[in-house]
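Scroll down for the structure; my scribbles are underneath it.
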Amino acid sequence: MMMEWRRRMDAALLVLLLGHLAAALEVPLDLREELPQPPTITHQSPKDYIIDPRENIIIHCDAKGKPHPSFSWTRNGTHFDTEQDSNVSMRPHSGTLIVDISREKAEHYEGIYQCTARNKHGTAVSNNIVVRQSRSPLWSKEKIKPIVVQEGVSLVLPCQPPAGLPPPIIFWMDNNFQRLPQSRRVSQSLNGDLYFSNVLREDSRNDYICYARFPHTQTIQQKQPIVVKVLNLDAINDTMADFYNDTDLFSEAPVDDRRPTFLIPTGTSSSKTVLRGHTLEMECIAEGLPTPEIAWTKMSGDLPANRISFLHYNKTLRIVNVSESDAGDYRCTAKNQLGSVHHTIHVSVKAAPYWISGPPRNLVLAPGENGVLTCRASGTPKPSITWAMNGIPIENSPKDLSRKVEDDTVIFTDVQTGSSAVYQCNISNDYGYLLSNAFVNVLSEPPRVLTPANKVYQVIRNHHVLMDCSSFGSPIPKITWFKDSRSSTLDGDPYILHDNGTLEIHVAQARNSGKYTCVARNQLGIYENHVYLEVKEPTRILKQPEYKVVQRGRAVVFECKVKHDPSLIPTMTWLKDDGELPDDERLIVDSDSLAITDVTENDAGVYTCIMNTTLDHDSASAELTVVEATPTPAVVYERPDPPTDLELTDQKKRSVQLTWTPGDEHNSPIQKFLIQYEDLLHHRGHWHNLTEVPGTKTTAHLKLSPYAHYIFRVLALNAVGLSQSSFPSRVYRTDPAAPDQNPTGVHGYGTEHNNLVISWKPLSGHQSNGPGLHYRVMWREKMAGSDWNTVTVANTSKFVVSGTPTFVPYELKVQAVNDYGDGPEPAVAHGFSGEDLPIAAPENVQAVVLNSTLAEVHWDPVPSHLIRGHLKGYKVYYWREHGHKHSPDHVEGILSFSGNHTHGMLPGLHPFTLYAFNVRVYNGKGDGPPSPPQQFNTPEGVPGQPTSFVVTDSSLDSLTLEWSPPHDRNGHITGYTLKYQPVNNSNELGPVEELALAANETSVTLPNLKYSTRYKFYLNAKTVTGAGPAISQEVDTIMDEARPVSPFGNLSSSVGEEGALISWEYWGPEKNIYVEYIVENSEGEEEWQKEFVNGSQNVMLKGLKGGLSYRVRLVAKGHHDQPLHCSKELVVKVPAVASRQVDIATQGWFIGLMCAIALLILILLIICFIQRNKGGKYPVKEKEDAHTDPEFQPMKDDDCTFGEYSDNEDHKPLKGSRTPSNGTVKRDDSDLSLADYGEGGDGQFNEDGSFIGQYSGKSASRDTAEGHESSEAPSPINAMNSLNSFV
């Protein structure tokens, strides 16, 4: 026994030691794709895989490895050849199966599947995946009889849903899909039945419906509705016997209060088994009257408070994530006023296998190393453990002396290359199994450091820092650290070296900053990596915001001055009451302050300033209290008082801090402060604006220039205006220094052909930075190997270099220098020495004539060295040759072409002309010599207009035209074209006549023209090119003297009923003809009336007054410049006509109509009078007298109408009448009416309201009338029917 115990202890120690060694080597993620690796299953479907039969089946199996693994499958323990089944395919680079169920039912592919992934380093297998399709069967058809129970008894409504996969979710609803209410009295059990501890009358209903929802397919099945009738025995009588024959009747005896009894579970005890990690649900449902209450206890301990819940009104006890400690006896107690009952449930907890320390981990070993795979699990009952290698039971695998199996452990010693494999650990008992893959990968890898090279670590002083040296190698590399000179390894205070290679400094100090070297080494090599540590100063708030009390409407400023490491970028954040600042323009955040203007009550609170950097932060808070402003009789707004107490602090060479005390705001908040300065050294007596700051600040950081004697003053600005300036500050003198800048605007140019002028914008005295300001001017030709020429000049703005070559490029520099040193290295500027006139003319000059007015000139460019200056362009001088020698005075045009052109256009030339021209190049100095003159001829063009065109002899039917040739002939005149056409009175043109004339003709006579007619003439000249523009003229022929002056004749008139008809004859050319007429002997102010004729020779004048005489004449209107042609006047007399208007009062028909109306009125009055005296004696009257109704009113004496019948616009029915909604009037057989007394025609009312004529007999119309007739009661029958309701 002692030897056995010692052997086990040695094995345990070996396992612990090897486990520690094996756990030390992990393959980093970024190297796993590079190194050889056996397969690893990365994704697989669940063990119990329920599929939707409506969708394709997807069974997942993904794995990784190097090289990438191949995949195969088994189904129900045998090889599954996916290539032989056309419905099954495998995803590329994956083992995932996709089953197309469009041609085969899903149930055909139910079974147990297992995936295998293999490469040359090993084989991994998946879990056994049980594939089953989900099922949602229908409820079996059944006829459920109505259930009749007596009030107070218990009742169970069974659900009994069909078995589905997975099991359905049960709930009870009514016909309106509303959940049935549940309570302590009514509840649903775990199996879905509905339990009533006792029933009430309100439980009666015919729609107790059990629903089953199958979650996988999202379908719902419905049970037939159950009818429940709850009766009270007092309401049951003998007539219910027949009903009971077809129903289930419960509890015929009277129901009294009773103590509880359990409906479920039955008996006094029961047992239940639950698996570890699952959910335990126990239920106790009791019946009784009154309704019992349920309570739970654990007899062998306490209920687990954090994992327990009570459901269904304490009838169900639920414990989640069950553990072994939950086993034991549980008691449920049902209790009411009459007693209690108990039931004990014994709970047993079993456990499917579960990991104790997790599944076995992959093992990476170097050749010759040792390692352990541990597969430690537990379960109830105790599970069995089996091992496999590459999917084959380990006992059937090739023997390996370096491997030893000890129950749940595989021990590897002195492993060698080629021992890589995947090991499967299978742990199982009656309640499940665990399957895990773990590979052993034997690698030989030199060390490498995975931490990025030259990584910079930053830490705040006095904080701790961790510097990584993540490495990999096989065998595991050893890590050492060095700092800077690598004089010794870093191990010991203040450094801590962790097992993973990380170097830690607990309290970093500035001296710890520097370069650190991490070295990783094993038997196969060495690797170095460098990192850097920067220790930064902490961020601290030097001046915290202070508690403020401010009046409403005033301004307040919280200051928060911070010190931080200058290499870190700070960010200031302000909070109000630990939240963000309101989005309000009154809150102004500056780099070191928060200002609030026009403070309100809502601004009160705690304000916190937080200064953040990338490494640390600091914060401080202050409270703002807002009080009411002191009321004043009147608010006076004035300019602010000037600031006072100017003080200079934080004095540096080129900056100073200026602080001041604001003056009185005078009820208008200060908007900003203006800081001005005076330089007593350079600009005494002149104040300059330096900067502005918001009105909430009282300090300003001023940037200054060297070598100046500053005094400062401050002005305040509010809404009213600027204050007076403050008293000046004390003088602040800045020390001289070398210039900060050089002159700007450096240019180089020449004023003569042999000089170079270098100019610049000199520095001001304020920019000089010190005394003795002068300039160092440097220049050199822009060519390789040339040296700089340097000269020092006084404080001026230019320097002239003489004796330079003509137009040569130069490089220029001007540097500012004073007694304290040189300015910065100046930038190089470029310029040219002076220009001279060009010395060469363009060559190969020629012209191309494009048309009679346009020519194009071409030339070769002049070489740049002959231009001797900046090329401005080329000029073309051109002129017309007139047979004499050209002189400069005869130049007609100069066209300039800017830039380096080689051609140009000469527009606007004269046709048929000899031109001469030359071309010159020009620069900034002037024109170069001209090229040799060239000539070209422009071709003929169209001529211009004839110089003159007049009519010299006009007769009755002929005209003589004379003209002069064109001034611009533009070629040889080949002839003239004369066109003419008549023009009528409306300026319309007649047909065109055309006449061709010889070139030597200057006049022509046109015979056979119409007399007294206007003609328009067009004359143009022609060359071989074409006709030129025409000149036009208009003229009239003379009127025929043989004809009368007036073109009108045979003027006559005739007067009829419609008016006066005026007729005439007309032979004139005018088209605008109209008739004028006026009353004879009328006053002078009366005007002639006009009536246009529109081309006819007669017109009817209408509207003439009878008994008057009119003067009538005709007028012909010609051209606007021609006189009117009038006919002789004609006097037309219009005879007086008797008026046809008849007075209607004298017409016989009107008199007769009036008499008839008067007679009719008289008759009506007589009848009304007689009727009033008779009192209405007729049988109906007697009937009315016998049945007097108090609401019935007699006829009114004054208007001869029924008291309640009205024929006014309202047409309301009689009071008390019964009129249906369809407008008909119906009467009972007992009703009496006038229609019952006679059998003749329809009765009618007379005009006085009495009833006359024969009474009508009974007919269909007596019962029914049109709706609108009944409502308006226009018929006497309907009126009488309405009255019958009163009799």
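Just so you know, glycine gets a Cβ as well, placed from its N, Cα and C.
Record features (TrEMBL):
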COMPBIAS  1278-1287  compositional bias 'Polar residues'
DOMAIN    39-126  domain 'Ig-like'
DOMAIN    137-221  domain 'Ig-like'
DOMAIN    260-348  domain 'Ig-like'
DOMAIN    353-441  domain 'Ig-like'
DOMAIN    447-534  domain 'Ig-like'
DOMAIN    538-625  domain 'Ig-like'
DOMAIN    642-737  domain 'Fibronectin type-III'
DOMAIN    739-836  domain 'Fibronectin type-III'
DOMAIN    841-941  domain 'Fibronectin type-III'
DOMAIN    945-1041  domain 'Fibronectin type-III'
REGION    926-945  region 'Disordered'
REGION    1180-1287  region 'Disordered'
SIGNAL    1-24  signal peptide
TRANSMEM  1149-1170  transmembrane segment
Three-state composition of the domain 'Ig-like' (353-441), taking helix and strand from DSSP: 3 helix, 49 strand, 37 coil
Residues in the domain 'Ig-like' (447-534) grouped by DSSP into helix, strand and remaining coil: 3 helix, 48 strand, 37 coil
Stretch of maximal Cβ-Cβ contact with the domain 'Ig-like' (353-441) [cut-off: under 8 Å; candidates 39-126, 447-534, 739-836]: 39-126
Stretch-level contact, the domain 'Ig-like' (538-625) and the domain 'Ig-like' (260-348), CB cutoff 8 A, at least 3 pairs: no
Stretch of maximal Cβ-Cβ contact with the domain 'Ig-like' (39-126) [cut-off: under 8 Å; candidates 137-221, 260-348, 447-534, 642-737, 739-836]: 137-221
Secondary structure tally of the domain 'Fibronectin type-III' (945-1041) (DSSP, helix then strand then coil): 0 helix, 52 strand, 45 coil
